[in-house]
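Scroll down for the structure; my scribbles are underneath it.
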């Protein structure tokens with residue numbers, strides 16, 4: 001996760017042929033960006049993964065005094081990947097849970113490499129790493 005004073009994106013290259021066409025840029029301010037990588041093992045217990053993901057995103061947003069969370073699929077971070085359909089559904093369910101808890105939840109276009117432009121403050125709470133699979 002990274003907290004940004006400003007985070008902007010523009011679709012650059014479609015990486016999943018089945019992804020809907022998207023060329024709309026986006027920009028948010030005072031946003032916690034969740035750089036989310038779903039692994040194959042996450043498919044074994046999706047409810048647990050979703051619950052921990054949402055809990056950690058809410059915690060990170062609170063640490064940065066923000067009610068805005070951006071969910072960004074970052075599926076090229078590791079060798080093990082969950083199916084694209086699983087990851088898209090996980091992000092969608094997580095966004096709905098965040099919205100139900102009073103957060104503004106936004107998603108970057110799924111299945112795209114994006115041009116990114118961001119400004120992030122230099123403080124420890126603005127950079128948070130969480131491994132959902134380790135521990136409870």
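Every residue, even glycine, has its Cβ placed from backbone N, Cα and C.
The domain 'Threonyl-tRNA synthetase editing' annotation in TrEMBL covers 1-130. Taking DSSP states H, G and I as helix and E and B as strand, the domain 'Threonyl-tRNA synthetase editing' (1-130) has 43 helix, 43 strand, 44 coil.
In the predicted model, the domain 'Threonyl-tRNA synthetase editing' (1-130) shows an average pLDDT of 93.
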